[in-house]
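Annotated features in TrEMBL:
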ACT_SITE  H218  active site
BINDING   A122, N188  NAD(+) binding site
DOMAIN    10-118  domain 'Aspartate/homoserine dehydrogenase NAD-binding'
DOMAIN    166-253  domain 'Aspartate dehydrogenase'
Amino acid sequence: MTAKTVMMIGYGAMGRAVHELLPSGLALRWVVVPELSVAETVARLGQDVEVMTSVDTCRERPDLVVECAGQAGLAEHGGAVLARGWSLAVVSVGALADDALYGRLHDAARRSGGKLHVLAGAVAGMDGLAAAREGGLESVTYEARKAPASWRGSHAEELVDLDAVTQPTVFFEGSAGDAARRFPANANVAATVALAGLGMENTTVRLTVDPDTTRNTHRIHARGHFGEFEIELSGYPLASNPKTSTLAALSVVRACRQVLEPVVV
Ligand SMILES: NC(=O)C1=CN([C@@H]2O[C@H](COP(=O)(O)OP(=O)(O)OC[C@H]3O[C@@H](n4cnc5c(N)ncnc54)[C@H](O)[C@@H]3O)[C@@H](O)[C@H]2O)C=CC1
Ligand SMILES: O=C([O-])CC(=O)C(=O)O
């Protein structure tokens, strides 16, 4: 049987973790990275994978395109993928807090028959939340708690002294849209929860730095016509990037496996 093919946009910590766990029967054939990363990515991947800077260079049709590239990568390449009628599974969901980009990707997919799959990423419960929305939701709150190292290099550094915190400290409270825009490498989940639930402006987000944790903890509380749920997921960060939870990479692997499976769970 010929292998099904995957294109990956971005090849950083998450992309490499996904590649290592790619199910047999699936081949990573194309990787799209910025010009500056081409040489390093070619050196990592060798001859079997075509490294490119634009989706346009690809002359075949991948069975699935996965985005592990950050919000800028989704904004740059998402439209081209969807305009071709391909399936695109994304983790940099915070980019969709930009209404113009959301509209562009939505319209490209609708016109071409392509599909944009918003992956659950580092959290669980998105199926239940989206089902609950069908009956009407009253409130949805999302809280993320991570170690100082996970917030370094982010807007958090302007809001709290990451070297001086001695106890869990909330440094941001606001809407999911605001969180996703201000913390592009750390609050994509906020946008995912918003898209599954009450939307970017009506989903409340709280971000916390916790000096005593080594986990990335996500808590979702939802209330509505269905009842109420609260889930807390305490994930291990990837060793190669403490901002990114291992489960986020695994959600991409799951999306890849679904390409092979006749029964989708
Ligand atoms: N939904 C979720 O649960 C989560 C989503 N994420 C998203 O996944 C992204 C990737 O995470 P990591 O691999 O850990 O980050 P990383 O910083 O290790 O890797 C990012 C990769 O994307 C590439 N890239 C940057 N701009 C690009 C562009 N315009 N076109 C193509 N490639 C581009 C970089 O060269 C690098 O290879 C994060 O930036 C974040 O947006 C991360 C964690 C959880
Ligand atoms: O991986 C995580 O814990 C979540 C994350 O970075 C994001 O939502 O962007």
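Glycine is no exception: its Cβ is also placed from the backbone N, Cα and C atoms.
Curation plays no part in TrEMBL annotations; they are all automatic predictions.
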Next item on the list: Report the mean pLDDT of the predicted model across the domain 'Aspartate/homoserine dehydrogenase NAD-binding' (10-118), rounded to a whole number.
Entry: 98
Next item on the list: Tell me the residue counts in helix, strand and coil for the domain 'Aspartate dehydrogenase' (166-253), as DSSP assigns them.
Entry: 24 helix, 39 strand, 25 coil
Note to self: Neighbour count, 10 Å Cβ-Cβ cut-off, for H218 (active site): what number do you get?
What the structure shows: 25
Next item on the list: Give the three-state DSSP assignment (helix, strand or coil) for A122 (NAD(+) binding site).
Entry: coil
Margin query: If the criterion is a C-beta within less than 6 angstroms of any ligand 1 atom, which of the recorded positions A122, N188, H218 pass it? List them in sequence order.
Written below: A122, N188
